[in-house]
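All remarks here apply to the structure that follows.
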Amino acid sequence: MAGLNCGVSIALLGVLLLGAARLPRGAEAFEIALPRESNITVLIKLGTPTLLAKPCYIVISKRHITMLSIKSGERIVFTFSCQSPENHFVIEIQKNIDCMSGPCPFGEVQLQPSTSLLPTLNRTFIWDVKAHKSIGLELQFSIPRLRQIGPGESCPDGVTHSISGRIDATVVRIGTFCSNGTVSRIKMQEGVKMALHLPWFHPRNVSGFSIANRSSIKRLCIIESVFEGEGSATLMSANYPEGFPEDELMTWQFVVPAHLRASVSFLNFNLSNCERKEERVEYYIPGSTTNPEVFKLEDKQPGNMAGNFNLSLQGCDQDAQSPGILRLQFQVLVQHPQNESNKIYVVDLSNERAMSLTIEPRPVKQSRKFVPGCFVCLESRTCSSNLTLTSGSKHKISFLCDDLTRLWMNVEKTISCTDHRYCQRKSYSLQVPSDILHLPVELHDFSWKLLVPKDRLSLVLVPAQKLQQHTHEKPCNTSFSYLVASAIPSQDLYFGSFCPGGSIKQIQVKQNISVTLRTFAPSFQQEASRQGLTVSFIPYFKEEGVFTVTPDTKSKVYLRTPNWDRGLPSLTSVSWNISVPRDQVACLTFFKERSGVVCQTGRAFMIIQEQRTRAEEIFSLDEDVLPKPSFHHHSFWVNISNCSPTSGKQLDLLFSVTLTPRTVDLTVILIAAVGGGVLLLSALGLIICCVKKKKKKTNKGPAVGIYNDNINTEMPRQPKKFQKGRKDNDSHVYAVIEDTMVYGHLLQDSSGSFLQPEVDTYRPFQGTMGVCPPSPPTICSRAPTAKLATEEPPPRSPPESESEPYTFSHPNNGDVSSKDTDIPLLNTQEPMEPAE
């Protein structure tokens, strides 16, 4: 029995020497003993509240508590009232190190007590080191080094390092870090506070860092980041995302192999309100003759740097009333130099105006793998992932990128007119400059914003090659397209996407538009010769858009209304001027039976008008069915005018035009031949009769006149042949013969259409006569559908006075006042000239 008691005593002594002991989990008993003057405090407290129904307590001598504090020189034995205390409690072990009253314990830092002797709770080891301002402290981290994370981020293994510094009595957060990074050392002065957070299941039993003594660093801190190969690091200013301490200095030292290149890009930053000094970043770059190089935070940062370099952030004296905050988050990317980095490209924009060129990364899915960055460098030094070049200068750029297909270009140019008297009839070419085409980066968009004075001028686009409108039935298969849309902020109007190789000869638009050349394949470089638009400023017209279409006899033309996916905007009118060659017939086909539009206010109309005869059909789109396929022998208009539709019932129409050769009916030819033969025989018979009568007259002797003075020599009056008076009939009114009936062959245009000039009606000039679209009915009217209604031309001249014997005018439906028609045949008068 004595031997047994001796063994128990030895075992208990061993537990005390270790400082803490844990009994088997079944007993759930723990003992923690802290040596005297160790400056260690252990605190067990409730962690994040859980939804567990049954609470858990710390049990000491049958007392149930929720928090336990153990100080130096104390020994406590305790248990938990539950089987899973890690779900309820956390443990903090804090060691205070005072370097101001005695020597500092420099070297590797140990975990005390050992994690193997502590309860299986989430653990936080804290080292709080206080030192003089003149003493620098350096935290050295063993491999794997640290990686800084931002707010809301977490470490994959749950192990985090929280590091803080001190400015007088104020604690400053340097940052939160995970394992597997590039941060190897952090230097501070006036003290440091290091917290290591370990999850309850993690087996780690070493701190992973050491403390060294250094001279004063004369700044808040210095963070060293070491790159052994290609990689990237994201770093943040102190207190991020809150404000950087006022008038402080923080430095990052980067160790980069000489054969690699480093580039810096700012991901996020804010500036405070400075009273004195200026917030800035300073670089110490190897080989630079101007070290340190000073940049503003909004400047493009250096890139393509070889070897080690330093980056410092300098604050300022802030405004006491409105200080604002200074903060910075940036990324350093290290990679091998690329061949393109040694090649300089010249982009000459000195002759351009109101133009900007942006080179930027394509949108890609994020990957956890390291991907070498793509940078574009200005003058080989200022590098960033985005670079914007402006007009008026000549620029030299190079690329630091392993794959240039990861970049693309977007260009914007504004062509505006402020004085309509100067701009009218002026033309501008919309072409991509050759300097841009020669760059090794693919062009994505080239946008021209075309601006005109409101209600003064309109625009016309004429392509180098006729355009095809992109539709689902006939998509564009070229390497680029033109996207035409309104440039008025309050107007949602997209005319469509167009590519070369179609039948659209020109596009007229009423007001400001944006024309965007968008490429879809690298082959655009080979097809660049096909691109080219000419824009001209023309007199103002009220149509939102007019498309001039000259269909090809070999293919079907598909056309659709603007805003196909959203519907034609309210109260918008668009027209298509469709030319039909003389020897062709056009078939107009709509692809659905009804338009589907439901008008909230007003009416939606479609007008199909023959340009030669002015015959037109008017359809109410919100009531009528769309017309069935119709054939047109001459050029014609299609006009579509929208109402204010209800939500979800928008107006969108798709139609096609197909040309076929014109054929003549054999029956018509036979009838014409027979009729011609009859007329010829009748003419021959009439000629024979006239010849015979003439011969009879020549056989008679000369006539002898005898004077008789009892005979009245006055010519007798013409007896009345009309029972009505002059006022009762239109005998004095002659119908005017239309010019097109007499001079029709002189009024035909190149496409065979008749151009009928308008008379006695003033309209603003809208181009060549006959190119004006039909005017839609009043939007709020309820006019029924009119079929083939020939337009009556207005009178050609003012009405004549009633005293004139003859009047040339159009038929008048009004009453004609009665006048005497008895006029002596030998006393006739010449008609008077019409009054001007």
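Each Cβ is built from the backbone N, Cα and C atoms, and glycine gets one as well.
Residues annotated as domain 'CUB' in Swiss-Prot: 417-544.
Among the features that Swiss-Prot reports, N-linked glycosylation site is placed at Asn39 (among others). According to DSSP, Asn39 (N-linked glycosylation site) sits in a coil region rather than a helix or strand.
According to Swiss-Prot, the feature N-linked glycosylation site maps to Asn122 (among others). According to its DSSP assignment, Asn122 (N-linked glycosylation site) is in a strand.
In sequence order, Pro144, Arg145, Arg147 are the residues of the chain that are 6 or more apart from Asn180 (N-linked glycosylation site) and have a CB within less than 8 Å of its CB. Among the features that Swiss-Prot reports, N-linked glycosylation site is placed at Asn180 (among others), with the record citing sequence analysis.
Asn205 (N-linked glycosylation site) carries neither a helix nor a strand DSSP state and counts as coil. The annotation N-linked glycosylation site is assigned in Swiss-Prot to Asn205 (among others).
Taken from Swiss-Prot, the feature N-linked glycosylation site applies to Asn270 (among others). Within its own chain, Asn270 (N-linked glycosylation site) has Gly243, Gly324, Ile325, Leu326, Arg327 as residues 6 or more apart in sequence whose C-beta sits under 8 angstroms from its own.
Residues or ranges marked as N-linked glycosylation site in Swiss-Prot (evidence: sequence analysis): Asn310 (among others). Using a 10 Å radius centred on the Cβ of Asn310 (N-linked glycosylation site) and all shown protein chains, the other Cβ atoms total 17.
Asn386 (N-linked glycosylation site) falls within neither a helix nor a strand when secondary structure is assigned with DSSP, and so counts as coil. Cβ environment of Asn386 (N-linked glycosylation site): Thr358, Ile359, Glu360, Pro361, Val376 lie under 8 Å away, each six or more residues apart in the same chain. What Swiss-Prot records for Asn386 (among others) is N-linked glycosylation site, and it gives sequence analysis as the kind of evidence.
Summarising the annotation, Swiss-Prot assigns region 'Disordered' to 776-836.
Taken from Swiss-Prot, the feature signal peptide covers 1-29, and the record attributes it to experimental evidence.
Residues or ranges marked as topological domain 'Extracellular' by Swiss-Prot: 30-667.
Annotated transmembrane segment per Swiss-Prot: 668-688, in sequence order, evidence recorded as sequence analysis.
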Other Cβ atoms within 10 Å is the metric here; tell me which of the glycosylation sites Asn39, Asn205 scores highest.
Asn39
Name the one residue among Asn39, Asn122, Asn205 whose Cα is closest in three-dimensional space to that of Asn310 (N-linked glycosylation site); these are the glycosylation sites.
Asn205
Give me the CA-CA distance between Asn205 (N-linked glycosylation site) and Asn122 (N-linked glycosylation site), in Å, as a whole number.
13
List the Cα distance (Å, whole number) between Asn39 (N-linked glycosylation site) and Asn122 (N-linked glycosylation site).
21
Spatial neighbours of Asn122 (N-linked glycosylation site) that are distant in sequence (at least 6 apart) but have CB under 8 A:
Gly47, Glu86, Val90, Ile91, His197, Leu198, Pro199, Trp200
DSSP residue counts for the domain 'CUB' (417-544), split into helix, strand and coil
15 helix, 58 strand, 55 coil
